[in-house]
Amino acid sequence: MKPVILSGPVLKERTTLRLGGQALAEVRLDDMHAFDGLPRVLERLGGTPAVLGRGSNILARDGELPLVIINPALKAEPEAWADPQAEDRVLVRVAAGVRLPVLLGRLAAQGLSGLEGLAGVPGTVGGAVAMNAGSYGNDMGSVLSSVEIFSAGTGMICVPRSQCRCEYRHFSVPAAGGWFVVAAVTLQLRRSTATAVRDAMRSNALLKKKTQPVTEHSAGCVFKNPADGISAGRLLDQCGFRGRGKGGMAFSSLHANFLVNKAQGTSDDAMDLINDARHAVERATGHYLELEVKIWPWQ
C-alpha cells in the first residue's frame with residue numbers, strides 16, 4: 001500500500017489544544033509497506049517532516065506552517081506472547097497508531113501490569129513512546145522491550161531497548177541519525193490479575209479527573225518538573241499563575257501546569273503566557289522551566 005497524501009491539514013483540528021494553522025500536507029501511513037515510499041513522497045512535497053499521532057502534546061503556531069505531517073496510522077490488534085526470558089513477563093507488540101486508552105483496556109482485560117499509571121492519558125502508543133510519556137510512577141521507557149522505527153537513513157529497523165535513550169519525557173534512537181517515525185513497539189509487562197490492573201487504572205483515572213483539566217482542551221503538562229524533584233505546577237502556583245489567562249488561553253485553575261484553550265485562543269496568547277511564566281518562575285525561584293509540550297514549528 002502506498003502512503004496516502006492529504007492536502008493542507010489544519011492543525012487546530014488535529015491537536016487537543018485546538019491551536020494551529022495549515023500545514024503543507026499530511027502523509028498517512030496505513031500499513032508497514034507504506035513506509036517504503038515515504039522518503040520519495042517527502043522529497044517531492046518539501047517542507048519539514050513532523051510526526052503526529054493524536055496531537056495531545058503539541059502547541060502548533062497559527063498561520064501557514066512549513067510542515068509535512070507524517071501520520072503513522074497503523075492500528076493492528078496488539079499481539080501477546082510469553083517472554084521466553086522471564087516466566088512472570090509477557091511481551092506485547094502494538095502498532096503506533098493504536099490509541100493509548102485502547103491498549104490499556106486490552107492490558108487490563110488480560111491482567112498485564114506496568115502501565116496503570118497512564119490511565120487517563122490520551123494520545124497514541126507511538127506518540128507515548130516518542131515522548132516517553134509517564135504518570136504516577138510508570139513511563140513507556142520502563143516497559144519498552146524494542147521499537148520498530150523508520151528513518152530515511154535506516155529504512156525500517158527494530159531497535160532493542162538497550163540502544164534507545166529513554167529519559168524523563170524524552171526518547172531518542174541514535175541509530176536513526178535524525179528524524180524517525182515509530183511504527184510499532186514491543187512492551188514487556190508483568191503478569192497480574194484483571195481485577196488488580198483494572199482497580200489501579202480506575203483509581204489513577206479518578207485522581208486525574210480530580211486534579212487535572214481532563215475535560216478541557218489542553219496539551220497536558222506545559223513544563224517538565226525540574227531535576228531536583230520539585231513540581232513545576234507548584235512553582236507556577238507560588239508565582240500566581242494558577243488560573244491566569246490571556247485572550248482565550250489560560251493556565252488551568254485546577255492544575256497550574258496545564259494550559260487550556262478556553263475560547264478560541266491563539267498560539268500568540270499561549271506563547272505569551274508560557275514566556276511570562278518562565279521568566280517569573282526563574283526570577284522568583286532560580287528554576288528555568290524546560291518545556292514538555294512541543295512547539296511547532298520548532299524554536
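Placement of Cβ uses the backbone N, Cα and C atoms for every residue, glycine included.
Here Swiss-Prot flags 19-192 as domain 'FAD-binding PCMH-type'. Annotation comment: Swiss-Prot describes ARG169, GLU292 as active site. Annotation comment: Swiss-Prot describes CYS221 as active site, proton donor, evidence class sequence analysis.
Mean pLDDT for the domain 'FAD-binding PCMH-type' (19-192) in this predicted model: 96. For the pair CYS221 (active site, proton donor) and GLU292 (active site), the Cα-Cα distance reads 6 Å.
GLU292 (active site) sits 7 Å from ARG169 (active site), taking the C-alpha atoms as the reference points.
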